[in-house]
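Engineer: I'd like to ask you about the structure that follows.
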């Protein structure tokens, strides 16, 4: 992909763990590579399809100096986060933050951290069977947007019977396709935080819930950890999930089963 490179932007700020760093301040140096499609900007002279690197450098300087953080990891992360927020056309970003005056009392050129993130497509299943179900789904989607997660597509809301054998009210279910620069684990933690904010209490496994947010796919990632399994292990067994998926992404290929969603839906429906 096309790349914009900004190298060694110098800024003076008051980041650091030691009191002297927060009182006296020091120099920091930022370099970054931003990846996005430059075709439209290059061929049509369309400035809206480009990143104004002068304005970006000014924004970085302002953002960098408006707080005093203990760790340079925090500052670097915030620069990446806000760059993605202000420049939606950026698809990938690699940022290095150097701290040449780091108080290590030894001879060195610099200390630095590098953060590398890229946007990914993900699919999230939403469900609710308590209170105003459709309003709960809408609130969850609004909270995703508020966290900088771009909603690409929304399926219709389906009324479905509960899954898992626990007697309870019917569900309102939906699937959304999103674009986010958050890694899969961070995206999962975001979903859990939204559930908590909306009042979900985990008491009965597969029991009633005010809101349920399940991470189905993140691109074609295959992942197995104590906290997260990708793809979601029950996709091929849940007709309501497949029905919503095939509405918005019928040709998406399940990375383990190697079949498009449309085929999985047709097979389970029979």
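Note that Cβ sites are derived from N, Cα and C of the backbone, with glycine treated the same way.
Annotations for this protein, taken from Swiss-Prot, read as follows:
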| type | residues | note |
| --- | --- | --- |
| ACT_SITE | 99 | active site, proton donor/acceptor |
| BINDING | 21, 53, 72, 73 | substrate binding site |
| BINDING | 160-163, 171-173, 192-195, 200-215, 227-233, 238-240 | ATP binding site |
| BINDING | 212, 214 | Mg(2+) 1 binding site |
| BINDING | 212, 214 | Mg(2+) 2 binding site |
| REGION | 1-119 | region 'DHNA' |
| REGION | 120-270 | region 'HPPK' |
Engineer: By CA distance, which of the recorded positions (53, 72, 99, 172, 230) lies nearest to residue 212 (Mg(2+) 1 binding site)?
Structural biologist: 172
Engineer: Per DSSP, residue 230 (ATP binding site) is which: helix, strand or coil?
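Structural biologist: Assignment for residue 230 (ATP binding site) reads strand.
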Engineer: Using DSSP, tally how many residues of the region 'DHNA' (1-119) sit in helix, strand and coil.
Structural biologist: 43 helix, 37 strand, 39 coil
Engineer: Among 21, 53, 72, 73, the annotated substrate contacts, find the widest CA pair distance and round it to a whole Å.
Structural biologist: 29
Engineer: Across all chains shown, how many C-beta atoms besides its own are within 10 angstroms of the C-beta of residue 195 (ATP binding site)?
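Structural biologist: Cβ-Cβ neighbours of residue 195 (ATP binding site) within 10 Å number 19.
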Engineer: Looking at the binding-site residues 72, 172, 230, 239, which sits with the largest number of other Cβ atoms within 10 Å of its Cβ?
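Structural biologist: Per the Cβ count within 10 Å, the most buried is 230.
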Engineer: Specify the count of other C-beta atoms within 10 Å of the C-beta of residue 160 (ATP binding site).
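Structural biologist: Result for residue 160 (ATP binding site): 18 neighbouring Cβ atoms inside 10 Å.
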Engineer: Going by Cα-Cα distance, pick out whichever of the recorded positions 21, 53, 72, 99 is nearest to residue 230 (ATP binding site).
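Structural biologist: Considering only the listed recorded positions, the nearest one is 72.
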Engineer: When DSSP states are folded down to helix, strand and coil, where does residue 214 (ATP binding site) land?
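Structural biologist: Residue 214 (ATP binding site) sits in a strand per DSSP.
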Engineer: Counting distance between Cα atoms, which of the binding-site residues 172, 209, 239 is nearest residue 21 (substrate binding site)?
Structural biologist: 209
Engineer: Across the region 'HPPK' (120-270), what does the mean pLDDT come to, as a whole number?
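Structural biologist: Mean model confidence (pLDDT) across the region 'HPPK' (120-270) is 92.
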Engineer: Per DSSP, residue 209 (ATP binding site) is which: helix, strand or coil?
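Structural biologist: Going by the DSSP assignment, residue 209 (ATP binding site) belongs to neither helix nor strand, so it counts as coil.
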Engineer: Using C-alpha atoms only, work out the spacing between residue 160 (ATP binding site) and residue 72 (substrate binding site) and round it to an integer in Å.
Structural biologist: 48
